[in-house]
Structure formats: structure tokens, C-alpha cells
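To keep things clear, I will list the structure first and then write my remarks on it.
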Amino acid sequence: MAPTTTNPMNETIPGSIDIETLIPNLMIIIFGLVGLTGNVILFWLLGFHLHRNAFLVYILNLALADFLFLLCHIINSTMLLLKVHLPNNILNHCFDIIMTVLYITGLSMLSAISTERCLSVLCPIWYRCRRPEHTSTVLCAVIWFLPLLICILNGYFCHFFGPKYVIDSVCLATNFFIRTYPMFLFIVLCLSTLALLARLFCGAGKTKFTRLFVTIMLTVLVFLLCGLPLGFFWFLVPWINRDFSVLDYILFQTSLVLTSVNSCANPIIYFFVGSFRHRLKHKTLKMVLQSALQDTPETPENMVEMSRSKAEP
């Protein structure tokens, strides 16, 4: 039978709370609460106070995916610390489906942001004149719908009704998609990021640094360091080896903490990039976010003009 989509979370946690379980889950709750606050503020600013462009649509959806992912993280860690268990396997599988969909959606949004930026740099004329107007909105809808549909089909045909009703062909197809789709997204993310870096440092017409470019690069870097390890444990390890050793369990718990750091890091990145070399005394959060997503190279002249325009009511 094909490997299932359920992550090792429910299968590897000891019955009693020990230090290896207590500390990681407390850290997840702390990082999660910080991330929930940051992503709520980010979602509020992007959704109601800024004019949305192609990149802001992706960033808005990424903030929503991070918020929901952190919420699930906090719920799971709280249940573990309180020794509360879901009443049946169907609810366990539903929870796993939600976590898997949110992880894939976050990776998809990040890949879309990097690819969109790559296209805007490598094909600027096509991007400004020929790109369909509602591409970002349509693509975000597909990004949410596709993994949700596949994971629901996988859970329905592979888990909800027990081994007697398993349809092997559907399980094989959906499991193959769930294992390979994140790999494809990771390859797209890496290739688009490398293309941007190559154009920046090696291209004939070198692209100048913008705050948006720095924001995207830092977001990708944090994901590679903090978000990718959990994907390895969720999508590859169960396929290669079903048995978890003590070391695997410790590494898995570490990857859970790191992914909570990844999901709470983006608002911090935006604040850091938006406030770098700027005085914060008279700047609102909206102005800091606008600065972090600024897509024009900074010169002393336009920095003065931008600060004057933002100071106006």
C-alpha cells in the first residue's frame, strides 16, 4: 500500500510528557502567539489599508496561510501538553489534512512570489504590458484549491473508511501528488531565486537592489532554513522509512519548532526591511510595510520625496 499523507506527529509522541516534548511545544506556543499577532496586523494592513498589486495579493494569502498554520500548531501543542486527544481517527486525519494543505499552500505562495518577481525582472515589457490583470487572484485561488482537493481525496479514499475500502489506485495517485508537488514547488522556488540572484550580480543589465527584492530574498532564506526541514519529515521520511528512531524524533520536534519560527518570521522581516536606515519616530506600521514592499531603487532624492509624501495626510 502507498504511504499515507498523515505526518509522524501523532505516531511518535510518547505517552507521558518528558522534557523532549515539553520544551519544543512550549516554544511552539510562544512563537505561535507572536506569529499570530504579527500576521493579524499584516493581514489587516494589506487587506484594508494598502492598494493591492500582484505581490501584495500573494503576501496577503501567505499571511493567511501562516496564521492558520500557526493556529493549528498552537492547538496541537496545547493538546499534547494537556494530554487531550481527538476522539477518533477521522478527526486526526482531518487535522493532518489541514496542516498539510496549509504547509503546501505557504510553500506555493512563496514560490509564486519568487516566480512573479523573476518574471518582472527578466521580462519587464511583457510583465507590464501583456500580463493578464487578475493572474495573481486566479493563481491564489488555484493554490488554495488544488492541495485541498487532493488531500481530501486522499483522506477519503485511503483513511476514513478503513483498509477494507481503500482504493489503491486513488491512494497511489494522490500520495504521489502529495509527495512530488512540494518537491516541484521547491525546485521552482530555487530556480527563480537563483535567476534573480544571477540577474542581480551577473546580468548584462544589472538589476539594482530594491527593498522588495531584499524582502523576498530574506523570506526565501528563512523558509529554506526553518520551513524546509518539516517538509522533509512529512513528505519524504515516511516514504523512505516508516520507523522513527529517537534521533529522528528529536530532529522532528526541532523541525516543528523551526517551522513555527518560519511562519512568524515574515512580519518581522517586513518590519526590519521597511525600517532599515529609516527613522521610526514618525513612521506608522503602514508606512513601514509600504517601505518594505517598495520596488524602486533608493536614491537620496527619491528617499526625501518618499518621506515627504508619506508625511502628508
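Every residue number used here counts from 1 along the chain in the order it is shown.
Keep in mind that glycine also has a Cβ here, set from the backbone N, Cα and C atoms.
The N-linked glycosylation site annotation in Swiss-Prot covers Asn10 (among others).
Summarising the annotation, Swiss-Prot assigns N-linked glycosylation site to Asn76 (among others). In the three-state DSSP classification, Asn76 (N-linked glycosylation site) falls within a helix.
Residues annotated as topological domain 'Extracellular' in Swiss-Prot, with sequence analysis given as evidence: 1-25 (among others). Mean pLDDT of the predicted structure over the topological domain 'Extracellular' (1-25): 58.
The topological domain 'Cytoplasmic' annotation in Swiss-Prot covers 47-54 (among others).
The annotation topological domain 'Extracellular' is assigned in Swiss-Prot to 76-93 (among others) on the grounds of sequence analysis.
Taken from Swiss-Prot, the feature topological domain 'Cytoplasmic' covers 115-137 (among others). Same-chain residues lying 6 or more positions outside the topological domain 'Cytoplasmic' (115-137) and placing a CB less than 8 Å from one of its CB atoms are 54-55, 57-58, 188, 192-193, 195-196, 199, 207, 212-213, 216.
Taken from Swiss-Prot, the feature topological domain 'Extracellular' covers 159-182 (among others).
Under the heading topological domain 'Cytoplasmic', Swiss-Prot lists 204-219 (among others).
Per Swiss-Prot, the feature topological domain 'Extracellular' maps to 241-255 (among others).
Among the features that Swiss-Prot reports, topological domain 'Cytoplasmic' is placed at 277-313 (among others), with the record citing sequence analysis.
Residues of the same chain lying 6 or more positions beyond the ends of the transmembrane segment (26-46) and with a Cβ under 8 Å from any Cβ of it are 52, 56, 59-60, 63-64, 66-67, 70-71, 73-74, 77-78, 81, 256-257, 260-261, 263-268, 270, 285-286, 289. Per Swiss-Prot, the feature transmembrane segment maps to 26-46 (among others); the stated evidence is sequence analysis.
Per Swiss-Prot, transmembrane segment is recorded for 55-75 (among others).
With a threshold of 8 Å between CB atoms, the same-chain residues lying at least 6 positions outside the transmembrane segment (94-114) that come near it are 5-7, 9-10, 55, 58-59, 61-62, 65-66, 68-69, 72, 76, 86, 136, 139-140, 143-144, 147-148, 151-152, 154-155, 178, 181-182, 185-186, 188-189, 192-193, 196, 216, 219-220, 223, 227, 230-231, 234, 259, 263. What Swiss-Prot records for 94-114 (among others) is transmembrane segment.
Residues or ranges marked as transmembrane segment by Swiss-Prot: 138-158 (among others).
Marked as transmembrane segment by Swiss-Prot on the basis of sequence analysis: 183-203 (among others).
Marked as transmembrane segment by Swiss-Prot on the basis of sequence analysis: 220-240 (among others).
With respect to Cβ pairs under 8 Å, the transmembrane segment (256-276) is most closely packed against 220-240, considering the stretches 55-75, 183-203, 220-240. Its Cβ taken as reference, Asn76 (N-linked glycosylation site) is surrounded by 21 other Cβ atoms within 10 Å in the chains shown.
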